[in-house]
Structures are given as C-alpha cells and as structure tokens.
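Pulled from Swiss-Prot, these are the features on record:
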SIGNAL    1-40  signal peptide
ACT_SITE  ASN241  active site
ACT_SITE  HIS297  active site
ACT_SITE  TYR306  active site
Amino acid sequence: MTYRIKKWQKLSTITLLMAGVITLNGGEFRSVDKHQIAVADTNVQTPDYEKLRNTWLDVNYGYDKYDENNPDMKKKFDATEKEATNLLKEMKTESGRKYLWSGAETLETNSSHMTRTYRNIEKIAEAMRNPKTTLNTDENKKKVKDALEWLHKNAYGKEPDKKVKELSENFTKTTGKNTNLNWWDYEIGTPKSLTNTLILLNDQFSNEEKKKFTAPIKTFAPDSDKILSSVGKAELAKGGNLVDISKVKLLECIIEEDKDMMKKSIDSFNKVFTYVQDSATGKERNGFYKDGSYIDHQDVPYTGAYGVVLLEGISQMMPMIKETPFNDKTQNDTTLKSWIDDGFMPLIYKGEMMDLSRGRAISRENETSHSASATVMKSLLRLSDAMDDSTKAKYKKIVKSSVESDSSYKQNDYLNSYSDIDKMKSLMTDNSISKNGLTQQLKIYNDMDRVTYHNKDLDFAFGLSMTSKNVARYESINGENLKGWHTGAGMSYLYNSDVKHYHDNFWVTADMKRLSGTTTLDNEILKDTDDKKSSKTFVGGTKVDDQHASIGMDFENQDKTLTAKKSYFILNDKIVFLGTGIKSTDSSKNPVTTIENRKANGYTLYTDDKQTTNSDNQENNSVFLESTDTKKNIGYHFLNKPKITVKKESHTGKWKEINKSQKDTQKTDEYYEVTQKHSNSDNKYGYVLYPGLSKDVFKTKKDEVTVVKQEDDFHVVKDNESVWAGVNYSNSTQTFDINNTKVEVKAKGMFILKKKDDNTYECSFYNPESTNSASDIESKISMTGYSITNKNTSTSNESGVHFELTK
C-alpha cells in the first residue's frame, strides 16, 4: 500500500501507527511493521518487567528447573523447607511484640538485627515460592505480610528521614558512638532482602503495598552509584559496593516499574567496568588494576573475598541487563574477560581460591578457600550463557576442570539455586565438553604485592604475599582476623595434592607467629594498629616467561624494629629464598626465619636424610618431608649449611580466637615447624624449595642453585639451566660475572637473564619505585660485549621491561 500526501498535511504518530506506514523519499509512505515504527518513534522501549522478574528468579532460584529426583536439588529443597518451617514457628506474632525473632531483638539500635530479620523473611519467601512447598498456605501468607507491615512501621520504614539524621550524628561521633549501627544494613543488607522478598512473592502484594515497602530505600539509598548516603557522607561506590547498590536499585525499579530509575541503575552498574588509575589515592584505590590486582578498603588484596562478591553480583546482573532496553555496553564483556583471565584464574588451584587474596575472610570457618572458588565457578557458568560462543566454551571447560580437580568437597553444596545445580549437572554430564590440562602460569600482581605460580609438570602452585607502602600486611576489623599479623609479610604458600592443608582449620591451629617464608622476632608482642602498611616502596617483581621470576621485598615489621632484604626467585621446578641485612633494634628479641610450618598429615621428616621429629639449632644441608604420595613431598636444600631447628608438635585453637563471631569448639592439628634463628653475626638465610619430587630425585638437586651474590643490598643466584636472577636493593652500581663476562646493574630493580643461545640472553627488569621505560633500559643494566635489542615494555604493571642482550 502506497500513500502520497501534500507537504502541508500533518500526520501524528498515532495516525502513522494506525496506517502502518513510514516516510520514504519524496513524501512517499510505504507499508511496514507497526512495531518497528513504535520502536523507531520511541527513544527507549518500555522494559518487560514481568520478563525481568522471571529472569531474576531463574538466575537466583530456578524453580522451573526443580527436580525432586535430583539428590542435590532435593537436599537444598529439604534444607530450605526445614529452615523456613522453623522460622515461621519461631516468629513472634502476638500484639505488642518488640521484635520478630529471638537473637535479633534490638532492631533500632543494632542494624544487623534488622537485616537478619528481613533476611529471615526472605528465606521464608524463598521456600514458599517453590511449587512443591507445603508452606504456601493462607496462614503463612498472612504471617509474612503482617511481618513486613510490622517491620515497615517499626524498623526500616519508621520515620526514615529522622533515622538518617540519627545515623549521621552517630557516624561523626568520636566518643559514645553506637558501633552497632552500620550504613551497609540500611543501604544494601536490608533492601537486598526486602526487594528479593517482594519479587519472590510478587503476586501476594498490591502495587501500592510494594511501593510503600520500598519507599524507605529512596531515603537511605537515593542514588544507584553512591554509598554512605544514610549517614550523611555520600560518596561514589566502588567495586563490590557499586555492584550491590546498583543491584538494590535495579530490583527496586523492577518492583516499582520505573524506567528512569532502571537506566540510572544500569548506568551506575556499568561504572564497575573501569580500572583504577595509577594516580589514585584513598578510596579511589579500590577496584581492579590493569595487572589483574583487586584492592578493597584502600590497601588490602581482596580478589578472593570482595572480588568474588563483585563477580557473583555481575553474574546476577548481566543476564538481567541483557533483557532491558539499556544493554549497550559490549565493552563490559571485554573488561570482564580480562578480570577473569588475569584477576581470578591465577589465584585458583584445584578448586581452591588462594588465601593470600581473601583478607580477613580466612578467619571465617564456613567461608573457605573452596567456597570462594565454588562461587567463582558458579558465576562463570552463569556468565557463560551471556557470552559469545568461544568464551562460553572456554568458561565451561574451566569450570569442569576445577570441579573435577578436587574430590574433597562437593561443588553442588555451594550452589544456592536450582538453576545453578541444573547448569552444573548439564555441564558435568556433557561429554562434548572436555577438561583443561594442568596450567603453566606465573602471575605477578605488582599492584597488590602478590605472586602466584602454577607448575604444570610437577602439579603444584606457589603463592607469595608481601607488604609495602601501598599494601597492608593484613586487615583486622569487626573482631575478625585477630591473628593475621604476618599473613602479608612475606608468607609463602605451597599448594599441592594435600588439598585440605589450608582450608581445614589451618588458620586456627597454625602458629601464626611462625608462617613459612616470614622473618619475625622471637617473643614478639603484637599490637593491633590502624595502619598496617610498611613504609617501604621497593617491593615487587618481574618475570621473563611463565617459569622464571625475580621478586624482592625491602622489609620492615609492624613496629619498625626489624628490617631485612628478602628475595624470592622462581626458577621452573624450584623456588629460591634469599635474605640479608636481617637486623633487630631490640636486643632482647632475636629474628627468626620460618622455612616451613606444615601440618604433619602423614609426613615423615628427614634432616640430611636422617629421620627426625625434633632437632635444636643443628647445622643442616637439607630437610625433606616425605609422604606416601610423591606429589605431596616437600624438600629444602640449604645454600650455606645454617643451624636449623625442627619441631613436631600438636597445636590447638578455636575459631573464636581469631574471629569473635565464630564458634569456640577446640580444633587440633600436628605440625612440623622448621626455623632458623639469626643474630648480628648470622643475619642472612638461603634455601631452595623443591616440591613434588621423590627423595632420590631431590638428593640429585643439591647443587642446582649457586649463590652468585648475597650481599646486604645485592642478591644474585644462578641455576643450572643458565638462568641468572637477582635484585639490586641500592641505587649504587653492582656487578657480577656470567662466564667471566661482567654484568653491571646500574639502578635499583629486579632482573632476570635467561640464556637463549650462545649469543643471546632473554632479559627483564623492573623497578617498583620508578616508571619502567624501554627507552632508558641501557642506563639500568648492561653486559660487556653485548648490546640491548628487542626492547618492549609490558602494557600492565606486571613484567617491567623485556629486552635481549645480544653479542
């Protein structure tokens, strides 16, 4: 059908829609699809709110996937039903009640009690939504509605403007402050449970009721990109907090069917996908860095805790956003892929998220390295459906490989929706999806002072946590992580086939003053201080490939009474530990370096090939911990025959001793502890770690590493594969020889020279205190008779300058 009209004729949008036409050239109109016109004529489509509610329910609960014949689903259903039944039974319903559940009585003066109460109602709603439940009765519906009404009048909805004033005044108090009032509960904790409940029981409430219940959110959390509004100190949210607050506002707008709020929420969420700037200070330091580091609370490496929360939040949000008219940020996928590849994957080994990235979460009994890794895998599986085909296949292989790498725990126990369980079952039974082989990977996170190394051939992973002016040695707030003193002060981690070593009560029963890799003071009295950073800036590392790295830490303890230069060299199948300049300003306390602090777990310990359990201050060339499984074996060759002390002893502890909110049940483990004492005349150490070797093979390794230089400010080692690795801690020029050819290191920095052929060395150099530019590398390092070629600078803060020395 074709129409011709005169130029003066006017056609309204409605006329066009009724006629089903659209303007073409020369004033001619042609018949087209009416819906296309509606889209073209309207700036933004109206969101399909029903579809969005269903998407949220599918991602987070998956009721339509429930199969009572699936044992994991039935287990979850029974647990959810039982908990909800008990909560309904225990709920206070009498008139004049002051609270709804015992244990959460002080709703107005303890905000966590308010959040816990709303969370209890959410748990009931979760059970009632399941079609197979026996709880979806008129009586229970009335109970839930009455409970929400009561809470609105007596807690979250009670004079919110007045409450903000009270919270703001309390927040600025220096004395007499109520520390039980937390902004998080008003802006994230409570509204998260409230909005979930209203979506779960959407058909039980009128639109007016739902809007009434969500109205306080606008007072406590008016903006989708800000936190601390409830305490009068609104600031831009970052990282996990930004995901959480934008998620709350997105759910609020779905409930209220508010398109403008939806756009703002999604715009706020999109701000998550940015990198922290190099010049950032204070809270601006929170978030992901280009080298994959994730910092929270300004100076704490937190990929394995807040980073995991962020990733899970993204996995909840992205499927929703893709169903809205505002899904136009395809670059988010690229950024997210980088975070997963560089940020998360190097920190996961055999279904375990390395504790060096979990901050104070290590002090929570039920929040383990396995549960953190399981959450990452669950998130990857969700995200795979929202990614391109190649990324989808990649993530599914990663998840399958991780789940099958450790049988000591059940991944499905950590899945909290039927759709997650269904996805996992489909993945694990899909023979077309293969597993990945073991990974050879070396990752240096210079922006959070962490290193991880995965050795493919020997099937082990090594981790290192350090401290500097930018990175705290540990975090202890809210009564958590009370003994984390040295966890970020040079502690080394060895992950092998003993998959339960760290997550099975290690942080409760280990001697926290004797952590492997650390140098501490004997009889040290440790105090909790606000600033847990070092004042040192020379901390970091460089790698030349995925097998060789040089790492250094200019070290001082918390009290600044102990200093040392501590170097760590990763050389393929071995890790070299070198220390010098170990000095205590307190003559009453001698320094001690802990070489090993390992659960005995079926190990037999040998010193110089002689079985022992205790040896006090004896000269030794080697220590070997032998297991019935060669992959679990751990060997140490000493480079200067030091006096070593070995102990085998039983340690007991309680989770409550490291986290006030945890249980006080006593736990017991046996440990082997290997230490070296220092003095003014014995102020250095040098040893080599060899994981996963038989005792006979270990013996053949005794001369593989040579100490070239072990001076106060200059460390260089050589291995028999023609690799030289070193650290220059001073600004002075230092020299060493390679086959009678002089190498000059003219500036501070970590460096590696790896022989490529008779005429060429592959090299890398990094100085954490300066800009690492390829243009002036000649002023940093040189080798007589060799010229520098093939210079390039890493695009991230990981590797420094790569170059070749060519004859």
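A Cβ is built for glycine as well, from the same backbone N, Cα and C atoms used for every other residue.
Where Swiss-Prot records a feature, it is marked here on the structure.
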{"residue": "ASN241", "record": "active site", "Cβ contacts under 8 Å, 6 or more apart": "ILE188, ILE227"}
{"residue": "HIS297", "record": "active site", "Cβ contacts under 8 Å, 6 or more apart": "ASN286, GLY359, GLU475"}
{"residue": "TYR306", "record": "active site", "Cβ contacts under 8 Å, 6 or more apart": "GLY239, GLY240, TYR294, ASP296, GLY359"}
According to DSSP, which of helix, strand or coil covers ASN241 (active site)?
helix
In terms of DSSP three-state secondary structure, what is the assignment for HIS297 (active site)?
coil
Where does TYR306 (active site) sit in DSSP terms: helix, strand, or coil?
helix
